[in-house]
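Report on the following structure.
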Ligand SMILES: Nc1ncnc2c1ncn2[C@@H]1O[C@H](COP(=O)(O)OP(=O)(O)OP(=O)(O)O)[C@@H](O)[C@H]1O
Ligand SMILES: CC(=O)N[C@H]1[C@@H]2OC[C@@H](O2)[C@@H](O)[C@@H]1O[C@H](C)C(=O)O
């Protein structure tokens, strides 16, 4: 891998992400030369059916075997359906679905066959973005930070700022836009903040048979149990210096901390845990950011957004405040990263994943000509 690769001709890249909440596949087009965002294009979404979701859920934590293979088939079919509907695309960035993530142990596992997708779409497909980073001593996640750097430039940011993604897991990127490139030491710091929506979703599923606490309505009626919150923050993960990353189910026992509480208090406490992980994480930022731009489904939860706002000294805003699309930022990130991989440019650095040196992960699969 030539990590010193340079930006090239503009490409229209289509990125696709199947996130930890297992709701469906997001896809989005980005025009980029690998360094700058030149424009945003069409977006799309393909929800998983309840049956497909059950197959994916059953495979979480599986590295190989029939359940992982069944999950891979679901992922391949859903991506094939969704991505075939896009036109005028030069290449595809295919994240796949993370089933297991243990960067200091067995590695990282995203299912989905990029070579088969390249045949089906008749386009080059970049995939397996995380493995090289892990092999080089990195966390393999988060990978969106290089795209966040480009977003900061796109919106004309002059002051350091944070991007916060609140999906199943939370991840934070501190960007200093005074640097010219994301690879420079100090331009980026990134890490997973802790569980975000996953524990609340699990609670809603277990107690009410619902997917989520829509609008934070249940949490809004509850009281935060401070003792449980303290126990949560005593987890060694929070004292670890970043970069650091999590698997979706790393904090699944959190639900046990609220086991004795009523539904509303339990929802309020799990929501507060998500916010507290972020607030704790902010201590690692080299300078206070001028604003925090929030992406991912958690930005739709006003209780969570308010908990963040009261604890942080900067404005906490959905990314829509600066004209970005908070439902598509991750898919756009993998479009952008695909072009960087194609041009031999780095996709992570010591500040984003803790990798030893700059690394450009990813496999490029091209369709057969005949
Ligand atoms: N209106 C809403 N009210 C409350 N919570 C919401 C709302 N909309 C979405 N969410 C939360 O956001 C979650 C989905 O977030 P998102 O789509 O960003 O996850 P993801 O991309 O799968 O996760 P990750 O970024 O961890 O891979 C839902 O499962 C839910 O918990
Ligand atoms: C191993 C893995 O798939 N991690 C995801 C997950 O979902 C959110 C958080 O945990 C982040 O670390 C990462 O995704 C984003 C897109 C990233 O790599 O930047």
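One is the number of the first residue shown, and numbering goes on along the chain from there.
Backbone N, Cα and C atoms are what each Cβ position is placed from, and that goes for glycine too.
All TrEMBL annotations are machine predictions without curation.
As the structure is a computational prediction, the values presented were derived from the model and not from experiment.
As recorded in TrEMBL:
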BINDING   19, 20, 21, 22, 23, 24, 25, 26  ATP binding site
Counting every protein chain present, what is the number of Cβ atoms, excluding its own, within 10 Å of the Cβ of residue 23 (ATP binding site)?
18
Count the Cβ atoms, other than its own, that fall within 10 Å of the Cβ of residue 26 (ATP binding site), considering every protein chain shown.
24
Of all the binding-site residues here, 19, 24, which one's CB has the most other CB atoms within 10 A?
19
Applying a 10 Å Cβ distance cut-off over all chains shown, what neighbour count does residue 22 (ATP binding site) have?
22
Packing count at residue 21 (ATP binding site) (other Cβ atoms within 10 Å of its Cβ):
19
Of the binding-site residues 24, 25, 26, which ones put their CB under 6 Å from ligand 1?
none
Taking the Cβ of residue 25 (ATP binding site) as the centre, count every other Cβ atom within 10 Å, in any protein chain shown.
25
Around the C-beta of residue 20 (ATP binding site), how many further C-beta atoms are within 10 angstroms, looking at every protein chain?
21
Taking a cut-off of under 6 Å between Cβ and any atom of ligand 2, tell me which of the binding-site residues 21, 22, 23, 24, 25, 26 pass.
none
